[in-house]
Every structure is written in structure tokens, then in C-alpha cells.
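According to Swiss-Prot:
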DOMAIN    6-92  domain 'Core-binding (CB)'
DOMAIN    113-292  domain 'Tyr recombinase'
ACT_SITE  ARG152  active site
ACT_SITE  LYS176  active site
ACT_SITE  HIS244  active site
ACT_SITE  ARG247  active site
ACT_SITE  HIS270  active site
ACT_SITE  TYR279  active site, O-(3'-phospho-DNA)-tyrosine intermediate
Amino acid sequence: MTPIAPSLQQPVDAFLRYLKVERQLSPLTQLSYSRQLTALMRLAQEIGVTDWTTLDAARVRMLAARSKRAGLQSASLALRLSSLRSFLDWLVSQGVLHANPAKGIRTPRSGRHLPKNIDVDEMNQLLEIDLNDPLAVRDRAMLEVMYGAGLRLSELVGLDCRHVDMAAGEVWVMGKGSKERKLPIGRTAVTWLEHWLAMRDLFGPQDDAMFLSNQGRRISTRNVQKRFAEWGVKQGVNSHIHPHKLRHSFATHMLESSGDLRAVQELLGHANLTTTQIYTHLDFQHLANVYDAAHPRAKRGKS
């Protein structure tokens, strides 16, 4: 494989340092940028671009066309061009480029499908776990919190004990772009957190992480995914259970009950309303009121 020219690589390395140090983006987002820009640099060399100052709109279209021919789907191609636009915007801000040649170049639109979710009956079936050991209590608490608050997997794993106000039934989470938000979690989730916290010390906690592995360390995302899938099979739920499906189900059930798109946007932590609109075929008190009135586990108060 031909080495990437330093005239392409060095500006990309500087941009990635900017994303890490100044923007403080998550490691996964940084990795996504790195992968997309590495692929683009290799394609750029194939079409004779060895310096970013020689990239023009015609060559950007060539990069998009080659990516498409390589089998990239519309959503992935849109992500690649978005990464390129962000990088070129940064080069403009650094005085390397006078204008962004990728501005205005769009990929063909692909239909956005409603994410698959679990219906309320299946969700109740999943959550009726036989609590025969502390790990089952931990898993029940994780399931209740994830579905009860619509958390991202990274937000669930990153939750610390100090982030939870049990009396108020609220959690503080750090979402995408290091944006913090306060969320209601409902009475049922609070109850199961209390059950879990009564057993947490059995795991020999090594820090303030809310959910622990057998070794007393913060549970990993891979472990959560594995445990959720296993519980789906054990509970006889027809749907394959993975963490993001619980978030989709939270959003769908909330919208079905409340019809309040803006409130659900805030609860999910979406920066743009259009992201939340895929679920449709303010102040915190308002969000809490919508939540209490609409979320199945808040209304039932099951334990």
C-alpha cells in the first residue's frame, strides 16, 4: 500500500489533535473522523491530489464517486463527506484554504427508516427478571435505567453514583459533544437502583461507577451488550435485545403517549429536531411532567 504523502497526512493529524484537545470530542467520534479522513487521503492520492490546496469541487465529486463505486451506502457516504467538510472548514479557519470546495456537494438522499423497537408488552416481559443473584439485580437496574431514561449505551456505562439524585428521581448524564443534561428516570428505575446499590459493595467497587463488573470495575459496553442479549433470550422476547433498541423503544413509547416531539428531543439529547423526527410516522419541569404522564414504567410504578 502506497504511503500517504506528508502534505496530506500532517494537516489531518493536526486536525485530529484539534478535535481531541480543543473540541474534546469522544474517542469514538475521533476514531470515526480518523477512519474517514484516512480513506479520503488514499482516494485523493489515487486521483492525483497530493496537497489539500489542490482539492477543488470537481475532485471532491470524484472522491464521492469513487467511494460510491467502492460500495459505500448513502448514509456512510454522507458521513464521509461530512467529515471532509468539517476538516476543510478547519483548514479555512487556519488560513490554509480560501474556501471549502466541499460546500454544497451533497450525497443522494436515502430514506430514513424508523428504528425497530420493542412493544410495551415485550418490554414488560423482558423486565420481569427472576432475581436470583446480585448480577441479575444489577442487570435489571441497568435495563430499567436505560429504558426509563432513554440513555445511550455510553451514557449508561459512564454513569457514576454521584450523578443520581434518588430522592428527586433524576440523573445527570454527559452526552455527545460533552453536553450535560438532567433527566427523570421514573419511580421503577429508582426502586431498582436502590436494590442494586444495596448489593453494590459486594463487588468491591474500585471507583464511583454506578454499574460494576465482577471485578469491581466500571462495566464495559461490550459486557452490557452481551448481558442484554442473553436476557432477551432467557425472557423469551422475540426481538433481539441490544442497548440502542431500548433507547428507540423509549422514544417511540414516549411519542406514542405524549405526542410531544420537542420534549422527546430534549430527553434524548438530540441537537437537531430532525434527528428526533425519525420516531414520528422547554424547561426541565415540563420534561418531567411529560415523562411522568407518558412513560409506561413511570405510570405503572412496578417493582
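Using N, Cα and C of the backbone, Cβ positions are placed for all residues, glycine too.
When the neighbouring Cβ atoms lying within 10 Å are counted for each of the active-site residues (ARG152, HIS244, ARG247), the highest count belongs to ARG247. Reported as a whole number, the C-alpha separation between ARG152 (active site) and HIS244 (active site) equals 7 Å.
Mapped onto DSSP classes, the domain 'Core-binding (CB)' (6-92) shows 71 helix, 0 strand, 16 coil. Secondary structure at ARG247 (active site), as computed by DSSP, is helix.
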